[in-house]
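Here's the structure, in structure tokens; my notes come after.
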Amino acid sequence: MERIVEVEKFSEESSFETTLRPSDWDEYIGQEKIKNNLKVFIQACKKRGETLDHVLFFGPPGLGKTTLSLIIASQMEANIKITAAPMIEKSGDLAAILTNLEEGDILFIDEIHRLSPAIEEILYPAMEDFRLDIIIGSGPAAQTIKIDLPKFTLIGATTRAGMLSSPLRDRFGMHFRLQFYTPQELAQIITNAANKLSKDIDAEAALEIAKRSRGTPRIALRLLKRVRDFSDVADEKTITLKRTQKALEALGVDERGFDELDLKLLKLLADAKGKPLGLSTIAAALSEDEGTIEDVIEPFLLANGYLERTARGRMATLKTYEILKLTPNIQNSLF
């Protein structure tokens with residue numbers, strides 16, 4: 001069953017997100033430092049008539065990596081080709097993509113940490129020298145054919161920057177870590193989205209949704225979509241705070257943005273009485289895979305101080321005990 005606060009994209013959300021996606025810097029709310037730096041770099045490249053350096057975006061899912069890439073392409077007046085690492089299985093897959101690029105094009109590779117070492121090897125000269133090296137044959141008779149490529153910009157996006165190999169990471173001229181959004185930023189995103197949907201929303205209602213969106217625009221827009229359903233069924237022209245609170249309660253999202261799975265995880269850590277729990281232990285107890293816990297559930301909890309991740313495992317924090325209304329174990333070294 002899909003969680004309403006899931007940060008990964010639902011299969012039916014692509015068209016909805018596309019409708020609400022900002023198309024320029026003025027529309028894009030948040031990530032101000034990244035925006036301001038990119039504006040300068042893009043302006044400088046256009047002034048010199050150069051292609052933009054390769055860009056790496058990393059951070060938790062749902063924070064706008066794809067949207068930023070689309071805006072970069074728009075600002076550079078460039079075509080953008082979008083793919084994902086799992087779709088590039090063979091060297092021929094990457095070669096086909098690279099040889100179809102034109103001068104100044106942007107290639108966006110999502111989940112770039114999932115590229116195989118063999119594919120990375122092909123990407124190195126393409127990124128550095130705009131050259132594709134194709135090996136024909138094997139053994140002593142093998143020959144390397146070098147094909148010149150047009151100058152292009154590679155934008156890589158990943159939720160797991162630590163899994164990128166050093167040679168690949170070093171070939172990106174710009175590295176940007178996306179941060180969680182503030183409730184105020186999310187409230188503005190929600191208000192703008194509601195306007196695009198021709199639906200009025202009270203400022204208090206937008207902020208209420210924002211506070212429960214785990215700092216993530218994708219979740220904020222999903223919650224807005226569901227709250228709008230409740231409002232429309234009630235024949236209300238405006239989404240009110242009262243309707244929003246009732247809708248979010250019905251959806252099982254509390255005032256912190258936690259759902260049942262979050263609370264189960266925190267309760268599990270609190271019940272450990274100060275003993276660190278390993279990722280595999282937590283995954284087994286929650287019937288979730290380790291990757292989902294590490295990449296999807298934990299980032300928000302870590303960023304907001306609801307759990308501590310140490311070399312020995314995960315531990316509850318004082319905030320965890322407070323929200324669960326439990327007394328912390330006095331032997332817990334955190335206290």
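Cβ coordinates are placed from backbone N, Cα and C, and glycine is handled just like the others.
Quantities reported herein were computed from a predicted structural model and do not represent experimental measurements.
Sequence annotations record features per position, and here Swiss-Prot assigns region 'Large ATPase domain (RuvB-L)' to 1-181. Looking just at the region 'Large ATPase domain (RuvB-L)' (1-181), the mean pLDDT is 91.
The ATP binding site annotation in Swiss-Prot covers Leu20, Arg21, Gly62, Lys65, Thr66, Thr67, Glu128, Asp129, Phe130, Arg171, Tyr181, Arg218.
The Mg(2+) binding site feature in Swiss-Prot is assigned to Thr66; the stated evidence is sequence analysis. DSSP assigns Thr66 (ATP binding site) to a helix in the three-state reduction.
Annotation comment: Swiss-Prot describes 182-252 as region 'Small ATPAse domain (RuvB-S)', evidence class sequence analysis.
For 255-335, the entry in Swiss-Prot reads region 'Head domain (RuvB-H)', with the evidence type sequence analysis.
The local packing around Arg314 (DNA binding site), expressed as other Cβ atoms within 10 Å of its Cβ over all shown chains, amounts to 23. Sequence annotations record features per position, and here Swiss-Prot assigns DNA binding site to Arg309, Arg314 based on sequence analysis.
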- Message: As a test of the contact definition, list every same-chain residue at least 6 positions from Leu20 (ATP binding site) whose Cβ is closer than 8 Å to its Cβ.
- Response: Asn192, Ala193, Lys196, Leu197, Leu221
- Message: If the ATP binders are Leu20, Arg21, Gly62, Lys65, Thr66, Thr67, Glu128, Asp129, Phe130, Arg171, Tyr181, Arg218 per the record, what's the largest distance between their Cα atoms, in Å?
- Response: 37
- Going by C-beta under 8 A and a gap of 6 or more residues, the same-chain neighbours of Phe130 (ATP binding site) are Asp148, Leu149, Pro150, Lys151, Phe152
- Task: Measure from the Cβ of Glu128 (ATP binding site) and count the other Cβ atoms within 10 Å, all protein chains considered.
- Result: 12
